[in-house]
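> According to TrEMBL, the record shows the following:
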{"type": "ACT_SITE", "residues": "K34", "note": "active site, proton acceptor"}
{"type": "MOD_RES", "residues": "K34", "note": "N6-(pyridoxal phosphate)lysine"}
{"type": "BINDING", "residues": "R128, M304", "note": "substrate binding site"}
{"type": "DOMAIN", "residues": "235-355", "note": "domain 'Alanine racemase C-terminal'"}
{"type": "ACT_SITE", "residues": "Y256", "note": "active site, proton acceptor"}
Amino acid sequence: MIESCVEINIDKIIENIQNIRKINPKSMYCAVLKANGYGLGAYKIAEYIEDYVDYFAVARVTEALALREANIKKPILILGAVYYKDVQKCIDNNIDIPIIDLDYAKLINENINGKVNAHLLLDTGMGRIGFRDFEEDKIRELNNLENINIISAFTHFSTADEADTHYTEMQHEKFNKMVKDINDSFNLEFVHLGNSAGAIKHHITRDMMRVGIATYGLYPSDLLKEEKDVELKQCFSFRTRVIYLKEVEAGTSISYGRTFISDKPMKIATLSIGYADGYMRSFSNIGEVSINGHLCKVLGRVCMDQMMVDVTGVDVSVDDEVIVYPDIYKEAAKVDTIPYELMTSINLRVPRIYKKSGKIISIDNYLGEINED
Ligand SMILES: *Cc1c(COP(=O)(O)O)cnc(C)c1O
């Protein structure tokens, strides 16, 4: 029996891609699959959506190599800094890397056989990695590095999901200026800047949009969810099951530390999920799950593998299914985070079930096979 699972609906992912592409049908679509596809399983999703996208992006070399091992053929860009000794593997597997500063580029240039396809990362205001606008001379020096084949330039927005659009506009202008200044030194085939928010809210698509969260059907922020410029469908549900039911009297303490004590007779369900599955302990006494259409509050502390919820007055039996995040935006806000973190926190102990046209097409059990009934 699969007690907890993440079910991923491939049709919804494809629908999201098609809807987002309508913003600019000429722009290439780069599906961002970092962090194991935002927790949903990168290589499976890549396989199912490869025909619908032009590029994939990941954060680490290992993630890129895993996609190549899974026989993914489309171009792959690594978004984070790549250790210079790993660049040869990128060349051998046709994986693009970002170039984030001059010394780093020189080190790579000296340590590889063959040319690596590289995207110039311009820091227009994210403040993370990349060349800044006063470093254009350094950027031009990259031209002397014969093994670094600069095919593209890109930047990343830091506030594109917010109401105030000034900073995004500033970053956009800075990017355009930097690209214009350096373009005569390079033969840039294409440039890219928009993440989900840049594409959805600002329609900044250019030659390629790099879409992560929206591919999976979530809006990058509550604001964008309200504005709903593009129709997105959440492609996954995180579920678990009731494993135990009991009636308790007033004065019964629940879970570690006795942080919850019933003040009346209650019906309580124990669920087969805990913080080791990625359901954060900070949800203790504040999280809500949905059972048979009813919202049920977490009672007491979330344990490593189990937790208790209030099912007083709810028609429920052992083995009933539980929706873990009935409203993932609302639950994320309760523990001071964003849906991105809740998604990527789902532990590999939880099987990933992939569905297409209403049918299960595959199940990934990272920790071994189980009876699928
Ligand atoms: C994560 C990331 C993205 C995708 O961001 P979303 O908000 O999920 O669309 C795009 N570009 C870079 C550089 C990133 O790090």
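Including glycine, each Cβ sits where the backbone N, Cα and C put it.
Curation plays no part in TrEMBL annotations; they are all automatic predictions.
Model, not experiment: these values are computed from the prediction.
Let's see these features in context: how buried, what's close, how far.
K34 (active site, proton acceptor) falls within a helix when secondary structure is assigned with DSSP.
Its own atom aside, the Cβ of K34 (active site, proton acceptor) has 19 Cβ atoms within 10 angstroms in the protein chains shown.
Under a cutoff of 8 A between CB atoms, and with a sequence separation of 6+ in the same chain, the neighbours of R128 (substrate binding site) are H156. When secondary structure is read from DSSP and collapsed to three states, R128 (substrate binding site) falls in the coil class.
Regional average pLDDT for the domain 'Alanine racemase C-terminal' (235-355) in the model is 98.
The Cβ of Y256 (active site, proton acceptor) has 13 neighbouring Cβ atoms from other residues within 10 Å, across all protein chains displayed.
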> With DSSP, how much of the domain 'Alanine racemase C-terminal' (235-355) is helix, how much strand and how much coil, in residues?
22 helix, 44 strand, 55 coil
> For the C-alpha pair, I'd like the distance in angstrom between K34 (active site, proton acceptor) and M304 (substrate binding site), rounded off.
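Cα-Cα distance, K34 (active site, proton acceptor) to M304 (substrate binding site): 26 Å.
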> If I restrict to non-local contacts, at least six residues apart, and a C-beta distance under 8 angstroms, what lies near M304 (substrate binding site) in its own chain?
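Residues satisfying the criterion: G274, Y275, A276.
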